[in-house]
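Straight from Swiss-Prot, the features:
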- CYS11: S-palmitoyl cysteine (LIPID)
- 56-381: domain 'G-alpha' (DOMAIN)
- 59-72: region 'G1 motif' (REGION)
- 67-72, 202-205, 296-299, ALA353: GTP binding site (BINDING)
- SER71, THR208: Mg(2+) binding site (BINDING)
- 200-208: region 'G2 motif' (REGION)
- THR208: phosphothreonine (MOD_RES)
- 223-232: region 'G3 motif' (REGION)
- 292-299: region 'G4 motif' (REGION)
Amino acid sequence: MSGVVRTLSRCLLPAEAGGARERRAGSGARDAEREARRRSRDIDALLARERRAVRRLVKILLLGAGESGKSTFLKQMRIIHGREFDQKALLEFRDTIFDNILKGSRVLVDARDKLGIPWQYSENEKHGMFLMAFENKAGLPVEPATFQLYVPALSALWRDSGIREAFSRRSEFQLGESVKYFLDNLDRIGQLNYFPSKQDILLARKATKGIVEHDFVIKKIPFKMVDVGGQRSQRQKWFQCFDGITSILFMVSSSEYDQVLMEDRRTNRLVESMNIFETIVNNKLFFNVSIILFLNKMDLLVEKVKTVSIKKHFPDFRGDPHRLEDVQRYLVQCFDRKRRNRSKPLFHHFTTAIDTENVRFVFHAVKDTILQENLKDIMLQ
C-alpha cells in the first residue's frame, strides 16, 4: 500500500500546486476588477461634483457697444468684492492714465485749432506745439519723469479758455470722458511718486481687446463675470462666451444720444446700442437667459439733459427734453420696443459705473433678480 500511496502522492501534488496558482490568479483578477470599479465610482463622483459646480456657477456676460462702461463695471466688482490691484496692475493703470491725459490734451489742442477758437493767452501756442510734437509710435509706457516734463504745458493749456471752449464742444469730436477728471487732478498725478487711487483706476480708459474674466463668491454662490470688447472689430469674439451663461448685463451709455461712433464717425452711438440690443434680446440662444439693461453714465446724462436737447437727435421724442424723468422714460421705451418676446418684463437700472456705492446697490438688486430668474433651486440663506 505504501507504494500506491507514494504513487498517488506524486500524482496529486502537482495538481494541488496548479490549483493554488489558479486560485491566486483568480483572486488577482477580482482585485483588479474591484480597483477598476472603485476608480470608475471615483470618476463618476468627480464628474457629478463638476456638474453640480457648473450648475451652481452664475456666469454673467457684459455686453454693449464700446465705451459703454463694461470694463469700469468689472473693475468695480473687483473693488467691491475685495480683490485688490497688485503693484503690476497699478503700474499698468498709471501708464494708461498718462496716455489718456497726453492723447486727450492733444485732441483738445487739435480741436481748438480746427474749430477756429482763439487762444486766451498767446504763449499757449508754444505749449500746444510742444504737446503736439509728442510721439509714442512704439506704444511704450511713459515714465513719470518724462510725463513731468509735460505737466507745465498741460496745466497752462487746461487753464486757457480756448481749450475750455473746445472741451465744451466735445460732442463734435471724439474725446475720452475721463480727460477732464485727470486734468483737474494734474497736480497730484504729475508727482514722481504718483500711484493711481481707486477712483483714478475706475476712470482709466483702455479699450478691451479679447476676453477679461473676474471670479468672485457671494453667499457661497460662485460668480464669473466676463467682459468682451464692445468695438465693432471685437464683437466676433462675443460668440466664444455664450456657452453656459446665466445672465447678460447689457450696458448702454445713456448720455451719448448726441454723439457718433469713433469707428465710422457717422452712426449715432445710442442708435448703435439699440441695434446691438435688438440682436441680442431676440436671439433664440438667450430665450432662457435673463437680460438686464444698464443705462449707464447717469451722472453725465443729468448734466447733458440741461443743455442738449435729445429731440434734436431723436425727433420722435415726446416730453420736455430738459426734464430728466422724461428723457429716462424715453430711453427705456426705445430699448423696450426692440423686444419681440413680451412674456417677460425688461429689467433695467440707471447706473453710474464710476460710483462704487451706486454699483454696489444696483448689483445687489441685480444679483437677486438673476438668482430668482435662473437659480430658483439654490438656497442662498
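Just so you know, glycine gets a Cβ as well, placed from its N, Cα and C.
Under DSSP, residues within the region 'G1 motif' (59-72) fall into helix, strand and coil as 3 helix, 6 strand, 5 coil. According to its DSSP assignment, MET298 (GTP binding site) is helical. Here the C-alpha separation of MET298 (GTP binding site) and THR208 (Mg(2+) binding site) works out to 22 Å. A separation of roughly 14 Å, to the nearest angstrom, links the Cα atoms of LEU202 (GTP binding site) and THR208 (Mg(2+) binding site). Local packing around the binding-site residues SER71, THR208, ASN296 was summarised as the count of other Cβ atoms within 10 Å of each Cβ; on this measure the leading residue is ASN296. Looking at the region 'G2 motif' (200-208) alone, the prediction's average pLDDT is 90.
Rounded to a whole number, the distance between the Cα atoms of THR208 (Mg(2+) binding site) and GLY69 (GTP binding site) is 11 Å. Residue pair ALA353 (GTP binding site) / THR208 (Mg(2+) binding site) shows a Cα separation of 16 Å. Using a 10 Å radius centred on the Cβ of ALA353 (GTP binding site) and all shown protein chains, the other Cβ atoms total 26. For the recorded site, LEU202 (GTP binding site), the DSSP three-state label reads helix. Just so you know, the Cβ of MET298 (GTP binding site) picks up 19 other Cβ atoms within 10 Å once every protein chain is counted.
Annotated pair THR208 (Mg(2+) binding site) and GLU67 (GTP binding site), C-alpha to C-alpha distance, rounded: 9 Å.
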